[in-house]
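A short write-up of the structure that comes next.
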Amino acid sequence: MCVICGCNTNHETARQDENKGEHAPGRGLVDTGTEPPGAAHVRIDASTGDLHYGAGPAHVSVPGLSQARAIKLEQDVLGHNNRLAAHNRQHFVAHGVLALNLVSSPGSGKTTLLCTTIEALRRCRADLQLAVIEGDQQTSHDAERIRATGVPAIQINTGKGCHLDALMVANAYERLPLHAAAHAHTHEHRQEDGQHSHHHDHEHARHDHHDHRSSGIGSVLFIENVGNLVCPAMWDLGESAKVAILSVTEGEDKPLKYPDMFAAASLMILNKIDLLPHLRFDVARCIEYARQVNPHLQVLQLSAATGEGVDEWLDWMLAGGAAAGAAAATDGARMRIAAPEAGIAALGTQLAPGPAVSKEM
């Protein structure tokens with residue numbers, strides 16, 4: 001997972017811990033009795049030789065890190081991100097912003113779907129304010145495509161990073177007209193020694209005292225995450241819901257290969273269904289696989305190219321489906337991370353300092 005593999009903001013941590021000698025080789029997890037050099041918590045299939053590096057309580061193996069240390073790092077880093085995400089979510093709810101986190105593999109058609117969705121929303125809900133945050137490692141190509149539709153967009157380039165995080169989204173959102181419109185009025189806040197008023201000109205992610213509410217959806221913020229079916233699954237951005245987009249050109253077993261993403265999603269969109277006549281893609285099997293991972297997952301089939309199924313997508317988005325699906329997806333995601341959290345208790349002794357070593361000879 002990218003919290004500890006080296007692509008997040010704390011990418012030096014694993015190497016630092018490796019230098020400190022905190023790595024504890026896995027015991028009892030190697031089935032054949034023969035452990036590859038430097039391996040930790042790997043399960044080996046005796047009949048095929050296949051390696052499974054997610055066998056430990058942390059569900060990941062990183063050279064230089066014990067399983068307990070890996071879990072602790074994940075909790076620390078994600079805990080900080082989740083606090084920022086909670087601020088984002090509080091703001092979005094207070095101002096009637098429906099924030100959707102679009103996640104998928106590269107090339108699934110996210111940006112094309114966004115352009116089609118923008119056109120459709122303008123026809124049926126011209127009153128809605130729209131904005132887009134684009135995430136890619138490099139270039140502003142996708143943001144330029146969105147801006148060409150007339151909708152404001154901010155491009156986030158993550159460099160070597162493989163996902164967006166809550167602070168990135170907060171910083172990008174502050175630069176959108178959607179944010180300015182939400183804060184066009186002056187907020188009144190009461191303190192113990194009296195009242196004061198101020199305008200929001202500070203970092204939004206750290207603002208936690210909204211005292212007003214908005215009824216219904218007044219605007220939609222689309223967040224197109226970096227194309228990646230692994231890392232974005234565990235990073236809460238403060239969104240109303242995650243929407244996993246799966247192209248029918250990718251194969252129907254993607255939900256089983258990348259279960260964390262589909263467990264965290266409220267909705268799975270099967271895109272490019274106009275290509276089905278030319279492919280051997282079993283739609284029913286794909287949906288079955290996805291619901292093995294997430295029984296509450298809602299599924300829509302559409303073609304961003306032809307517009308087929310887009311009306312159903314808009315209905316889900318604006319008629320409460322996003323909110324209803326988000327609660328179920330949150331429960332599913334919590335179940336999937338329960339094992340690592342429980343595992344840290346069993347591995348607590350690895351985090352405790354060892355006995356002092358006497359310097360006397």
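Glycine is no exception: its Cβ is also placed from the backbone N, Cα and C atoms.
When the candidates CYS115, CYS231 are compared with the Ni(2+) 2 site entry in Swiss-Prot, which names CYS162, HIS163, the shared residue is CYS231.
Counting every protein chain shown, 21 other Cβ atoms lie within 10 Å of the Cβ of HIS163 (Zn(2+) binding site). Summarising the environment of CYS231 (Zn(2+) binding site), the number of other Cβ atoms within 10 Å of its Cβ, over all protein chains shown, is 23. Neighbour count (other Cβ atoms within 10 Å of the Cβ, all protein chains): 20 for CYS162 (Zn(2+) binding site).
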